[in-house]
Amino acid sequence: MADSGSNEEAMKRQAPSVKFDSPSKPDPQQVSQQSNQLSSQKSIQQSTQSKIDPSRIDTKNTTVTTTRPTLDTPPEEEEEKRDGFGNSFEFVLTSLGLAVGLGNIWRFPTRAYNNGGSAFLIPYLTCAFLFGLPAVYFEFLTGQYQGKSPPVIFRRVRPILEGVGWMGVFVAALVAIYYIVIVSWISIYMINICRGHFALWSHCNNDWNNGTSCITMADQYLCKNHTKVMANSTLWNSSLPIPDKMVYFNGACQDANGTDVSTATEQYFMTYIVQPSSGMLDFGGFNWPVFAAMSVCWLLTGLGILKGAKIMGKISYVSVLVPYVLVVVLFINGVFQDGSGVGLEMYFGTPNYTKLYEQDTWTEALKQLCFSLSVGHGGLISLSSYSPKRNNIFRDALIVIIGDTTMSLVGGGAVFATLGYLAKATGQDVKDVVKSGLSLAFVVYPEAMTRMPVPWLWCFIFFLMLFLLGASTEIALVDVFCSCIYDQYPRFRNRKWIVVIAWCSVLYCIGLVFSTRAGYYWFEMFDEYAAGFSSVCTVVCELLVMMYIYGFRNVRDDITEVVGHARNKFTGAIGAHSWYFTANWMVISPSIALILVGLSFVREYPYMGRHDIYPAVFDIFGWFLSFLPVIIVPIFMLLNFIRCRNRGHSYRTLFMLQKQHASYRRIAANYSKDQLALQDQLPDKEPWDEENVDLTDSESESRNAASGDVPIDDVATIDTSSTYHQVY
């Protein structure tokens, strides 16, 4: 009877960390004394007896000593503290909002056109299978299983590697700083469309036009296609008053003095909207319309993340679903325009398979995929941490990949159908009107829209779609850092406005340089350097840490906990449990990412070959931005060494799996005696749990009872011969 009583009492005090005390049977008198002590602490008994998990007892030995539970909070309490999406559909929509962005509309179409047309889909879809889907699936798994932000996740794997989690956070911050500039330009276009400017940007009779260098697109066509050859140029003596002479030289129209001329829509964007100075170091004062637009956009971004994941999920119904509707509307409208067939044929119908043998084609496919999916930005991990732990992440990863690719294909179709119409209307070939990047969105497409019936409507629909795509991505990027602060400083969960205002203000102040007249050149620097190299480095580090340090077998066990066991051999072979993903995360994806890292060093110096506009400081500061997230890793290594010393813990704990990790109990159940003996060195709380509150003894006891923590001095011996036991 004494043994039975001791078993019952011990089962109530079961903890995840176990160590061997002695091979002898427990003394009944000691057990009785401990029982009396436990009976005087009724509140602690009631809270802890439901936390027992006999699966963590080693059956090879008869007596073990247990210590306090090691999870910081029980799962049910943690879910109450941390925000979450209303349902899995909202999580998918918000993830799509981060992945599907402006690059799907203005980068993908021109990259596809320049790299083989429809043949570009072969390397793009191949890279999506080899890199895109595994990367998204991996980041969803990492975030959802732990239910924490990236720095906390990697700190729990090994505290010394906390900086790996911060890498993606800083990449997201760098992208958010300049990404909102594009959203600001788009918002200015939307406002000006409502003011009637859609009828003004297609001709040269406006105050902002340079009368000596402004031409219409029709004039540009005449300049470019005149047959009289003169050396390396073509001279056209126009009967029009402006310009009276133009030369087509080295790919651009020039006037008689050798000055480049530009179309009316180009001048509207560059002269009226951007208002650039002579170079990146010539700041020239503020561009007040851009300054005002940025201020409003930052205000809207702050409001979008102020209420957390639940509100973000609701916003995604509009910011994500509406762009899909609008892009279909634009595609249908473009298809029914005269000349659209020529544009669609250039995009879909004329594959150039010889491009598949060129390295640049595959490189461009990889770059487009990385930028489009936002892998390595910390955002996908952060968003998935708000998702329920049993959510089907493999299904969601497939949806994100399919949704992103669909937007690229349909958006590209809408763009090229419209370009075909514009080429027919101006008497040019499609190749003559194709532009890349910003020019496609802010110059060529508006030019085409003004020639359609009801031009203001189509212009507004196009820029509204861009605004929603950009805003949804910006909100997700800014929220990444805020999530990290909420996790490491829980007291701010109920005062989120402090974190949101502070973080948005910091990014806003840094981004003020974009609202100067040199802002366009600084934007180009951020766009060129901020995300590519650093995001790929982040992916490599995350994969290496999780697959080789945390362990690929543990990752596979995490998958089983999240999505359950494979239903049959077929789903086990190609589904969430497929060994393909394990091999991919260990070898294929890191190799692909390292190739991208190497290729990122191959670029033109100076940028665009214009040392007068882009001096050496452009590339120097650009590379500093690229390496900034990487520098974060050793900085946090040093900080954790200092933190460990100040807390009086052994430095060995910096290289050990922490008790707060979601799989610690499962993994510790298989530890050897020597490994179990080392677990006592691990801290029972996160550093921020010790620093954030100063509790009295009674408050501490109450909190321990609520969280399932038992005072470290209270131990109980357990007879593992009990039949109430199973191996995990």
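Just so you know, glycine gets a Cβ as well, placed from its N, Cα and C.
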Going by Swiss-Prot, tell me which one of Cys204, Cys223 is disulfide-bonded to Cys214.
Cys204
Record feature N-linked glycosylation site (Swiss-Prot), assigned residue among Asn257, Asn670:
Asn257
State whether, in Swiss-Prot, Leu477 is on the same side of the membrane as Arg82.
yes
Site-mate of Ala99, Asn104 for Na(+) 2 in Swiss-Prot, selected among Ser319, Ser340, Ser372:
Ser372
Which residue, chosen from Asn61, Asn225, is annotated N-linked glycosylation site in Swiss-Prot?
Asn225
Of the candidates Leu469, Leu477, Leu507, which one does Swiss-Prot list alongside Gly97, Val100 as binding Na(+) 1?
Leu469
Using DSSP, how many residues of the topological domain 'Extracellular' (418-451) fall into helix, strand and coil, respectively?
25 helix, 0 strand, 9 coil
Residue counts in helix (H, G, I), strand (E, B) and coil for the topological domain 'Cytoplasmic' (553-578), per DSSP?
17 helix, 0 strand, 9 coil
Cβ-based neighbourhood (8 Å from the centroid) of the Na(+) 1 site, residues Gly97, Val100, Leu469 excluded:
Leu96, Leu98, Ala99, Gly101, Asn104, Ser319, Val320, Pro323, Met407, Leu468, Gly470, Ser472, Thr473
Cβ under 8 Å to the transmembrane segment (85-105), counting only same-chain residues 6 or more beyond its ends: which ones?
136, 140, 182, 309-310, 312-314, 316-317, 319-321, 323, 327, 368, 371-374, 377, 379-380, 383-384, 386-388, 391-392, 396, 399-400, 403-404, 407-408, 411, 415, 441, 465-466, 469-470, 472-473, 475-477
The transmembrane segment (397-417) touching the transmembrane segment (315-335) per 3+ Cβ pairs under 8 Å rule:
yes
What does DSSP give as the helix, strand and coil breakdown of the topological domain 'Extracellular' (336-364)?
21 helix, 0 strand, 8 coil
